[in-house]
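S.K.: Under the heading transmembrane segment, TrEMBL lists 12-34, 46-64, 76-95, 101-120, 141-161, 167-188, 250-269, 281-298, 304-326, 347-367, 373-392.
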Amino acid sequence: MFKLIHSQSSLFFFSYIINAMNNWAFKFIAPLALYAETQSLQMMTVSYGLLFTPNVISPPLVNFIDGKFTRKTSLLILNFLGFALCIFGLSYFRYGFDSTVFLIVVFAFCTVLTLFQTLIHGVMKDVIHDKETIESTSRRVAFVDSLFPAIGPLIGSAMLSTFNYSHIFFIIGMVYCLSFILICILRISEQEKEIKESVIAKTTNGFKLIIKNPFINFLLARFFLSNIALHGFQSVLTFYLIDKFNLVDIKVGVFFAVSAIGLIVGVRLGRLIYSHNINKWYVISVTGIVCAICLIIIPLAGNIFIANLAWCIVMLLSSINLIVFYTERQTNFQQSDTTSVIAASYVIIYSAIPLGSAVAFFLSRYVNASETMLILGICLLFIGLYFLYLSIKNQKLLREQG
């Protein structure tokens, strides 16, 4: 029995890894493709925002799919749709590049990726049933979600420097074939639902559950505001590296891949939070402040090595935050509510990313890339200080109530 549980958790984790690889490699390739065509900072911010826009509209779609199909069937359908988009990209872009068509494909492809990511998070407790394994798998998934934003650019840049766009769609399509096989093998326990909630009711229920949990509510509020500044910064960062330091595609990928060092340290520190019962309110607040200081340093230093070190620290802090977020989200809600909570949390977190890109787009019309990054870093610092104040205030109230 233990070997069966272990093999199923491994299958789940490997399925998650290869789809995360597809996700983040493509999210690096798309802005660079448009930059190569337009040489425009504004176009890069638009494409970056477009990559995450599906996160805003996907939750009601997830709840609709979750009510119409079994979860395994839903995952298989999404794998097939992703493969079909790869076939279209392979056929269309073999003979040329059209920016409008490419943006449409980017939006459709990222919608499929987001739907899959939301659903596979929701089936974790349908595959793994004991709390200890759920917590350990949540930490591993959080590590992957922090790792691939770092090494995804390296994979994407290596693909761009080796293959043309049509070949990239072919490679991603082959990964979808492997994912399809793994999902077929995976044993997902389907729970019977006596009452079918509407899409709006399920999504609304997710928001209500989040609001009722003081820490999850605090966590997501901080993530929302921080993501506006952080992802506005990140939508400009690639252009800054190319323009300021004359980095080619593969060197830009290496810059982001080096930050994986910070992720390794972050995972170790994330485990200490739970093993030593460290106050998570203060952890979330302080990490936001330190992250802001790192963002301010990058444009001020004007040095590639200092910038890379600062970005390593940002990734370290991101890893800690994701470990706390995923662990608390999986352990604070009943399984029947998990999908709704995950979907609602995606709306809260990811709706900030297009907003951040819009802010960066607006700023870049009036100031250069370095000044845009500096302004966003300062904004993040004020956000971090505000949530440190809130965490101190909330802890005082909790002590008085206790």
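Glycine too: its Cβ is placed from the backbone N, Cα and C atoms.
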S.K.: Where else in the chain does the transmembrane segment (141-161) make close Cβ contacts, counting only residues six or more beyond its ends and a cut-off under 8 Å?
M.R.: 13, 16-17, 20-21, 23-29, 32-33, 121, 124, 167-168, 171, 248-250, 252-260, 263, 266-267, 270, 315, 318-319, 322-323, 325-327
S.K.: Would you kindly list the residues that approach the transmembrane segment (167-188) from elsewhere in its chain, counting only those six or more residues past its ends and only Cβ-Cβ distances under 8 Å?
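M.R.: Counting only partners 6 or more residues beyond its ends, the transmembrane segment (167-188) has Cβ contacts under 8 Å with 8, 11-12, 14-15, 18-19, 21-22, 25-26, 29, 70-72, 75-76, 79-80, 82-83, 85-87, 89-90, 93, 123, 126-127, 159-160.
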S.K.: May I ask whether the transmembrane segment (250-269) has at least three C-beta pairs under 8 Å with the transmembrane segment (347-367), counting pairs 6 or more apart in sequence?
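M.R.: No, the transmembrane segment (347-367) and the transmembrane segment (250-269) are not in contact.
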S.K.: Which stretch from 46-64, 76-95, 101-120, 281-298, 304-326 shares the most C-beta pairs under 8 Å with the transmembrane segment (250-269)?
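M.R.: Of the candidates 46-64, 76-95, 101-120, 281-298, 304-326, 304-326 scores highest.
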S.K.: Mind checking which residues reach the transmembrane segment (304-326)? Cβ under 8 Å, same chain, six or more beyond either end.
M.R.: 138-139, 141-143, 145-146, 149-150, 219, 223, 237, 241, 245, 247, 255-256, 258-263, 265-267, 269-271, 273, 280, 283-284, 287-288, 290-291, 294-295, 297-298
S.K.: Under 8 Å for C-beta pairs, could you tell me which stretch among 12-34, 46-64, 76-95, 281-298, 373-392 has the largest tally with the transmembrane segment (101-120)?
M.R.: 46-64
